[in-house]
Amino acid sequence: MTETLLETAAQAQERDRYTIEQEGIPSPVLMENAARALCSLLESRLVAGSRILILCGPGSNGQDGLAMHRILQEHGWDTAAYCPPGQSLQRRILENRGIPVLTSLTQICALAESLGPDDWIVDAMFGSGLSRPLEGTWHTLTEAANGSAARILAVDVPSGMDGETGPLPGAVIQADLTACIGTRKLGTVLPAALPLTGEVTTLDIGLGNPNTPRTVFELTASKARTCLPVRPLLSWKGTFGKVLMAGGSRRMHGAIEMSARACFHAGPGLLTVAVPEILQPAMRCVLPEAMLLDLPGDPDCISEEAVPAILHAARDMNVVSAGNGMGRQEGTRTLVQDLLQKTDVTLVLDADALSVLDPHWLHRPGGQTILTPHPGEFSRITGWSVSDITANPVKAAQEFTRAYPDTVLVLKGAITCVSEHGQVWVLARPDSSLAKGGSGDMLCGIITGLAASQNPLEAALCGVWAHNQAPLCSKKDPAAFGPQDLVDALSDVWKSLREGRDL
Ligand SMILES: NC(=O)C1=CN([C@@H]2O[C@H](COP(=O)(O)OP(=O)(O)OC[C@H]3O[C@@H](n4cnc5c(N)ncnc54)[C@H](OP(=O)(O)O)[C@@H]3O)[C@@H](O)[C@H]2O)[C@@H](O)CC1
Ligand SMILES: Nc1ncnc2c1ncn2[C@@H]1O[C@H](COP(=O)(O)OP(=O)(O)O)[C@@H](O)[C@H]1O
Ligand SMILES: [K+]
């Protein structure tokens, strides 16, 4: 299976219901599976003498916690559990076994304060049934847990976090480890959620598959692997496609140079670069492998006179990129409009090409378009606010690609969403190595290089993965990691994907 689902709380509840009602696996069996998987995860992190405090809520998330209390006691661990008064299956079992459950809030808060760094708090307060922000007892318990020196294991989601929209206002558990039950919850990959989940793992508890269509997935190594262009032995340069990259201006020469270098190292067969005359000598030096297209008109930037030459060359290409360091002059606007409206070649539009883009042009006579905006550029294209986009980039990407069916969107950021036809793949592996000018140009180059021989969605998925993984191959500190390091790392990324090993 190459797709890893990200589910909303409602979808997770539907899966639980399907397993219990349609398949006939009783709820207590699932709960026992969940509790045992949670215990073995936790026990792999415990040391001799670790103490465990389990905070249990009123629903099934709390039932998982109470079952953990029983299992961990059976295994000889020093555990205490809090649960509000009320009857439930797991509580009855604990009573029958003579295992106590605490109900005093003051006692629990004192206990949380007494714990040390080898101890753990299990947050089993709320999971997919959270319906409102945490208040009263739950607010107090959350503050006590967050203030404790103990580490926190969150069951399914950190309490206070909505499974679809991420953290609610008010108190939210700040977990060190989140164990998603069955599937990872969509809310946990949103930008506001990432600092609160800690390490995330997903536990298989034997849930069924309701076979309802799903649209949001995690971008994983195995998905990226299926999108990597194959390189047959009996190949020639034509096998890997022809690329034209247009960009650059007197003031911004680096962007197109970095983009073209990254593109070359993504493996296209032939690379031609269209830069203004002033950049040609530098381009010859930094990338002698590339061919150069002579452009008439303004020697300092791509002006309107240069557009026909680029359009003419574009007709012979598998993919054309535009925008890196191009400037926002009339020539850029005409080029972007004409490429979209007068050609059917696959296009990758980045940077300045996005700033001059009129979204109506995206309804093309033929050909697909890959857009690679950051939230600011995406806000200009859509008219949506940057804060709405960054609060839920998944929803924004989904809405956009439903409206523009010929478009593959790469909505960049600390988390990046790749979307087509309302389906979204989310990459939530933040790395500050990439938070610097030029990273986006390199991503555009990698995707363009891949799109020369791969379909646009696969090129985008594979390119986004490779770009994000490159810093892992480098020994550089994130502060010092730069464009050349990224180019140097690409070879290892491709090899690891091809050989099926993790970096
Ligand atoms: N079904 C199964 O067999 C399996 C389930 N599993 C586990 O169950 C979890 C889902 O369980 P769940 O649906 O019972 O939801 P859960 O999150 O425990 O809470 C719901 C309760 O909390 C209450 N409540 C909500 N918000 C509140 C607030 N802010 N403050 C106070 N109260 C609040 C809410 O009350 P209400 O909103 O109706 O007022 C309701 O009583 C799932 O995440 C997974 O861990 C797995 O073991 C697999 C098998
Ligand atoms: N903290 C981060 N974690 C992961 N990726 C990041 C982070 N910050 C930036 N990136 C990635 O780096 C690139 C930056 O692109 P962009 O903002 O267009 O920069 P520029 O145009 O200056 O090259 C994007 O691909 C983005 O996803
Ligand atoms: K929880």
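Along the chain as shown, residues are numbered 1 onward.
Glycine residues also receive a Cβ, built from the backbone N, Cα and C atoms like all the rest.
Just one of Gly438, Gly440, Gly445 is listed by TrEMBL for the same AMP site as Lys412, Gly413, Ala414, Ile415, Thr416, and that one is Gly440. Going through Ser159, Ser222, Ser235 against TrEMBL, the one listed in the K(+) site together with Asn61, Asp123 turns out to be Ser159. For the recorded AMP site, residues Lys412, Gly413, Ala414, Ile415, Thr416, Gly440 set the reference point as the centre of their Cβ atoms, and the other residues of that chain within 8 Å of it by Cβ are His374, Pro393, Leu411, Leu427. Among the binding-site residues Asn61, Gln63, Asp156, Gly413, Ala414, Ile415, the ones whose Cβ sits under 6 Å from an atom of ligand 1 are, in sequence order, Asn61, Asp156. Same-chain residues that are not part of Asn61, Asp123, Ser159 yet have a Cβ within 8 Å of the Cβ center of the K(+) site turn out to be Leu55, Gly57, Gly62, Gly65, Ala124, Met125, Phe126, Gly127, Ala154, Val155, Asp156, Val157, Pro158, Ile173.
With a CB cut-off of under 6 A applied against ligand 2, none of the binding-site residues Asn61, Asp123, Ser128, Asp156, Ser159, Ile415 are retained. Long-range Cβ proximity for Asn61 (K(+) binding site), meaning a same-chain Cβ under 8 A and a gap of 6 or more residues, is found for Ala124, Met125, Phe126, Gly127, Ser128, Gly129, Val155, Asp156, Ser159.
When the binding-site residues Lys412, Gly413, Thr416 are compared by Cα distance to Ser60 ((6S)-NADPHX binding site), the shortest distance belongs to Thr416.
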